[in-house]
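Student: What follows is a single structure, and I will ask about it in a moment.
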Amino acid sequence: MAPVAKQYDFIVIGGGSGGSGAARRASGWYGAKTLLVESKRSGGTCVNVGCVPKKITWNFASVSEMLKDGVHYGYDIPQDIKFNFAEFKKKRDANIEGLNEAYERNWSREKIDLVRGIATFKRQKEIEVTFEDGDSAVYTAPHILIATGGYPITPQDIPGAELGITSDGFFDIEDLPKKMAFVGAGYIAVELAGVMNAIGVETHMFIRGNTFLRNFDPMVQKTLTQRYEDAGVIIHKNHKGFNAVVGLRGGKGEGRSLKLVESNGEELEVNELLWAIGRAPEIERLNLAKIGVKLAGKGHIEVDDYQNTNVEGVYALGDVTGQAELTPVAIAAGRALSNRVFGAQHASGGPHLPQKIDYSNIPTVVFAHPEVGTIGLTEPAAIDKYGKDHIKTYHTRFTPMFYSFHPAEEKKLQPTEYKLICQGSEEQIVGMHILGAGSSEMMQGFGVAVKMGARKRDFDACVAIHPTSAEELVTMR
Amino acid sequence: MAPITKECDYLVIGGGSGGLASARRASEQWAAKTIAVESNRLGGTCVNVGCVPKKVTWNAAAIAETLHEAKAYGFSIEETAPFDWKSFKHKRDAYVERLNGIYAKNLGNDHVEWLHGRAHLLSKNEAEIVLDDGSKEIIRAKKILLATGGHPNIPKTSGSELGITSDGFFDLEKRPEKVALVGAGYIAVEMAGMFHHLGGETHLFIRHDKFLRNFDPMIQDKIMSEYERQGIIIHRNSSQSKVEKHPEKSGWLKLHFSDSETKSGTLDLDCLLWAIGRSPEVEDLGLDRAGVKQNERGQIIADDYQNTNVDGIYSLGDVCGKIELTPVAIAAGRQLANRLFGGPDFKNAKLDYTNIPSVVFAHPEVGSIGMTEPEAREKYGDGVKVYNTSFTAMYYAMMEPDEKAPMSYKLVCVGPEEKVVGLHILGSGCSEMLQGFGVAIKMGATKKDFDSCVAIHPTSAEELVTLK
């Protein structure tokens, strides 16, 4: 006998940042009867293998760096302090488990029904969920949101590639490798390589071009790539690729050994290899073809400004759409979607709440060493858009006071550099790029100002706060 | 020998933040013939006994905190590594000296002539400068700027001269074991925090039951409870009757005090620091000879344009006592130079003294701009809406509950538009966090503007754009 379909107002496929944001808004604020389907761990990428463990590990690396900085201030700190990475990892894992539970508590409190399994579309308003034990159930709703996120890509055409890990595997590491290779030039490669280098792992990066972070402003690319090299990261530039990865010794940490066979014939032996060459949308098992959802080039789900797919009542947001793959973006898009679909008829809702999000001027931070913050256009993009004659840039570079006691060769490793890109006679700020200690907490407020349409003179009108690094941004000449 | 007489467009008395910024702007941008006079060290309070050595020392204290926290992250380190105060102090001195040199160089680059000596006004457009060797110069100037700053006060308490002030803090060659600070302003609070983290038993004596009384109550309450959690001993409702040399321990003092718990007690200390306020540096300036008016605290009275009551004489910075911050003096100094020498385009140039952000380098940091909640309620009554949040930063995920430091934010909004009239933040990272929000608030940001900016994750700052 055919299973009876359980009916909901809203089905959310994916319990990550976007899905959770949408589900909680719909159910918690507007009382929509909501089903949340999650196939793995609550909180998705961000909580389990993304933002959260990344930042905790970055904090660990920052503490490690501070211990070295302390020597110059007159602290009697031994140079080679031992640390217990496994103990740190255990605490990190426990923290994440706490967050998994917090997500589930929040869902439960907001009366969201959570099921664990894999969802596939049977019909436009109907999905089937297959549970871990093999059982399945069918659910229907007039509104279904796909927020299944993405996963890191491992190359399919290099023999032995599967011997390497991805960012997912990075967070399984308990025994530190002595020597590690990172392939990729995006922020994930840069962040993870930066952390490993900071805690004493011999770090190699393989990049196709001359600099990494190629979507970032040239100033960031140049200064950060240089800084990584000065800090001991061995960057193999203009790399043509690999022919094979050969396993020499199994095991963990320093015991494990891989041979990387480069396409130019050279070989490198490392303990661990990490592919950070891009991410793909998690759509395979959804059976989107069944309902005719349109996909873009790399398999991302195509959506309009309101997160509608081409199929009525089916929406998508977050990493699966490939738009601004950031947790806060997914959360904001999820909430806006629920405002639009469920809020109109509800007392808590209304047109004063965002019905869609603005994807322009989204500030972000890269947790490299040092941190990078950015919003808006790069200089080349600004010139492209407005013409060279209409663009004026302001730039400054200095060593923050914190490093005043460091010897010269170490000061070199701690640059702070800021660039403002202004447009037109009003000098409207269309891009801001900052690099240096403190940038991660510095960026948000400037993001608000830039989003409000700040001009150079608005920056200058605010009295500086002294002594800080941030003050240099309101006193640029 | 007859004193040398010089003439110039602009005589700037005081080579600190305000004076030098004004002198350099007038000379470099507007080609005004400028002479600057400094009687002590170039850079004034900020460079020598204020902002700069304060921040350097705060950095050292912050490192001590990190050392304490490293164990929770799995590092095998004794929680307090020994700190070589003397070697640190010498490095700090060398850094300040480098800055003195840089300030001199900058004056040269901007063609400002500068004299090392003590200035006394002779009339409304003339001053006598007594140089180090005793010789004198008479300067006749079209415009005179008084930017002589201030100095810390010592109370009339018996034996008070046995204590030091913030000036003396930067002379300390070794770490005091047991220190008492008297005062409830930001200087006392900052220094108490630094002493504590650098390893001394720290007592803070305040007159009432709260410190930072000009700050929002949230700041007052949270910093006080955090200081006590950290182990700083706060004596409320206190007064000091006498300070004397310790009868037995050489180099130590005995402080006689009363507080909310002790009617009459004593405390043995090796360092006593008065941070009870600052007075303007005007004593031998000759204000009476020029007829310049002062208020009841001795501060020079200046209007919004930095005019004094005497035509051609201007004043700014700590000596006016308006908002005693380096960047305020610098900004006011530059605006003044623009107005005096920049031509008709700048005839109305002045500094807007509203919405000036500032940071207190306590542990943790405090940032503040605009009105406190009580101030807003007094002015706007029911029209005020306050948003609050308190949380623990992810950095403390590794620590035990009693080792976690707080993070707290308060947004004070007014009217149906929810215009932000005050922002008060507390916690690690706040010192670099505030500037950008300062720009937004100065632009007239509303709560909606804050919320319209997508959050940056994971940071502490993002909590400010997701307040409910």
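If you go along the chain as it appears here, the first residue is 1 and each next one adds 1.
A Cβ is built for glycine as well, from the same backbone N, Cα and C atoms used for every other residue.
Whatever TrEMBL says is automated annotation, not expert-curated.
So TrEMBL lists these for the protein:
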| type | residues | note |
| --- | --- | --- |
| DOMAIN | B:9-333 | domain 'FAD/NAD(P)-binding' |
| DISULFID | B:C46-B:C51 | disulfide bond |
| BINDING | B:K55, B:D318 | FAD binding site |
| BINDING | B:G183, B:A184, B:G185, B:Y186, B:I187, B:A188, B:V189, B:E190, B:G277 | NAD(+) binding site |
| DOMAIN | B:356-466 | domain 'Pyridine nucleotide-disulphide oxidoreductase dimerisation' |
| ACT_SITE | B:H457 | active site, proton acceptor |
Student: Once the DSSP letters are reduced so that anything not helix or strand counts as coil, what is B:C51 (disulfide bond)?
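Tutor: The residue in question, B:C51 (disulfide bond), is helix (DSSP, three-state).
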Student: Using only C-alpha positions, which one of B:G183, B:G185, B:I187, B:V189, B:H457 is spatially nearest B:C46 (disulfide bond)? These are the recorded positions in the record.
Tutor: B:I187
Student: Tell me, what is the mean pLDDT of the domain 'FAD/NAD(P)-binding' (B:9-333)?
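Tutor: Looking only at the domain 'FAD/NAD(P)-binding' (B:9-333), pLDDT averages out to 96.
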Student: Using only C-alpha positions, which one of B:K55, B:D318, B:H457 is spatially nearest B:I187 (NAD(+) binding site)? These are the recorded positions in the record.
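Tutor: Nearest listed residue in space: B:K55.
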Student: Using a 10 Å cut-off on CB atoms, tell me which of the binding-site residues B:G183, B:G185, B:G277 is the least crowded.
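Tutor: Among the binding-site residues B:G183, B:G185, B:G277, the lowest count of other Cβ atoms within 10 Å belongs to B:G277.
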Student: Give me the largest Cα to Cα distance among B:G183, B:A184, B:G185, B:Y186, B:I187, B:A188, B:V189, B:E190, B:G277, the residues the record lists as binding NAD(+), in Å as a whole number.
Tutor: 14
Student: Of B:G185, B:I187, B:G277, listed here as binding-site residues, which sit with their C-beta under 8 angstroms from a C-beta of chain A?
Tutor: none
Student: Name, in the order they occur in the sequence, the residues of the same chain whose CB lies under 8 A from the CB of B:D318 (FAD binding site) and which sit 6 or more residues away.
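Tutor: Spatial neighbours, sequence-distant, of B:D318 (FAD binding site): B:G16, B:G18, B:T45, B:G149, B:G150, B:R278, B:P280, B:E281, B:E324, B:A329.
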Student: According to DSSP, which kind of secondary structure is B:V189 (NAD(+) binding site) found in, if we only use helix, strand and coil?
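Tutor: The residue in question, B:V189 (NAD(+) binding site), is helix (DSSP, three-state).
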Student: I'm trying to understand the geometry here, so how far is the Cα atom of B:K55 (FAD binding site) from the Cα atom of B:V189 (NAD(+) binding site), in Å to the nearest whole number?
Tutor: 14
Student: Neighbour count, 10 Å Cβ-Cβ cut-off, for B:K55 (FAD binding site): what number do you get?
Tutor: 20
Student: What's the number of neighbouring CB atoms sitting within 10 A of the CB on B:I187 (NAD(+) binding site)?
Tutor: 23
Student: Return the residues near B:V189 (NAD(+) binding site), defined as same-chain residues 6+ apart in sequence whose C-beta is under 8 angstroms from its C-beta, sorted by sequence, else 'none'.
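Tutor: Correct list: B:L204, B:F211, B:L212, B:I223, B:Y227, B:V360, B:A362.
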Student: Check the Cα-Cα distances from B:H457 (active site, proton acceptor) to the recorded positions B:C51, B:G183, B:G185, B:G277 and tell me which is shortest.
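Tutor: Comparing Cα positions, the closest of these recorded positions turns out to be B:C51.
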Student: So which of the disulfide-bonded residues is most packed in, judged by how many other Cβ atoms lie within 10 Å of its Cβ, out of B:C46, B:C51?
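Tutor: It comes out as B:C46.
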Student: For B:G183 (NAD(+) binding site), what is the secondary structure state per DSSP, taken as helix, strand or coil?
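Tutor: Where B:G183 (NAD(+) binding site) sits, the three-state DSSP reduction gives coil.
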Student: For the domain 'Pyridine nucleotide-disulphide oxidoreductase dimerisation' (B:356-466), DSSP counts of helix, strand and coil?
Tutor: 43 helix, 33 strand, 35 coil
